[in-house]
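**Student:** Questions regarding the structure given below will be posed in turn.
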Ligand SMILES: *[C@@H]1O[C@H](CO)[C@@H](O)[C@H](O)[C@H]1NC(C)=O
Ligand SMILES: *[C@@H]1O[C@H](CO)[C@@H](O)[C@H](O)[C@H]1NC(C)=O
Ligand SMILES: *[C@@H]1O[C@H](CO)[C@@H](O)[C@H](O)[C@H]1NC(C)=O
């Protein structure tokens, strides 16, 4: 090969192999649009890369949230969650969508491909949460078994609880406003998810039908330091643990693919 064409071949190889950009890094799910929401100024949830099970139980499980890094390797699952792979495998399957408000009872059934192509757009900042459809949970684990068997959940269990998955994909700026339930984990597969958390005794000020985006714009800026939530943005490969009954609201900063493991 002549030097010039060898260089060209090398360049082409590098362009294909470089992660973090274009279709390679985001799985074909587009990042945030022009009006993308920013990350927090300062993450106030601890990140731990080296946590033992004993430390998890003693320092976090019943006390405060924590972000776990490097616990599991879900790169195979991530590859299966690219836009092309999911559409090829599950495009014609019907998925159940929920409204993105605190007490969400309204459900809509739609083929997965229709959701991805028509509803998976950035959140309209003027819409209400109870008018916004969100794909998260209500998964049919029979139909999607070939995907979920490749997911490795966080290995730290809690006595007397059984893990249950909730899988979802949602547009930039979307999220669920403040709510609480039992303890669990949330892992980002593609994109970024910003979290806001309050302990059970500190009920936040929020409207259950407004979006997290509206809360961030209208309520958050006026909060005195003592009333601010714990907050952090997690990215692909990171897992956030939330203890029992902690209030939390989420905001997807990009088109995001995510999976929760609820410890019921
Ligand atoms: C959504 O919530 C608002 C405010 O709570 C309410 O006025 C409106 O009727 C609701 N929309 C639907 C479709 O239920
Ligand atoms: C929120 O919206 C639901 C239906 O979309 C409605 O039934 C409920 O009353 C609303 N809640 C408030 C506090 O406005
Ligand atoms: C899940 O999918 C299977 C196979 O298509 C179907 O028989 C079953 O009714 C579905 N379950 C629910 C809860 O929709």
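Glycine residues also receive a Cβ, built from the backbone N, Cα and C atoms like all the rest.
These came from Swiss-Prot, pasted as-is:
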- 131-264: domain 'JmjC' (DOMAIN)
- 130: N-linked glycosylation site (CARBOHYD)
- 140: N-linked glycosylation site (CARBOHYD)
- 209: N-linked glycosylation site (CARBOHYD)
- 1-23: signal peptide (SIGNAL)
**Student:** So of 130, 140, 209, which of the glycosylation sites has the fewest other Cβ atoms within 10 Å around its own Cβ?
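**Tutor:** Sparsest of the glycosylation sites 130, 140, 209 by Cβ contacts within 10 Å: 140.
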**Student:** Sorry to bug you, but what's the C-alpha spacing from residue 209 (N-linked glycosylation site) to residue 130 (N-linked glycosylation site), rounded to the closest Å?
**Tutor:** 5
**Student:** Taking ligand 2 as the reference and 6 angstroms as the Cβ limit (strictly under), which glycosylation sites among 130, 140, 209 are close?
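**Tutor:** Among 130, 140, 209, near ligand 2: 130, 209.
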**Student:** Across the domain 'JmjC' (131-264), what is the average pLDDT of the model, as a whole number?
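**Tutor:** Mean per-residue confidence for the domain 'JmjC' (131-264): 96 out of 100.
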**Student:** Give me the CA-CA distance between residue 209 (N-linked glycosylation site) and residue 140 (N-linked glycosylation site), in Å, as a whole number.
**Tutor:** 27
**Student:** So, three-state DSSP: helix, strand or coil for residue 130 (N-linked glycosylation site)?
**Tutor:** helix
**Student:** Ligand 3 is in the model; which of the glycosylation sites 130, 140, 209 have a C-beta less than 6 angstroms from one of its atoms?
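**Tutor:** With ligand 3 as the reference and 6 Å as the Cβ limit, the list reads 140.
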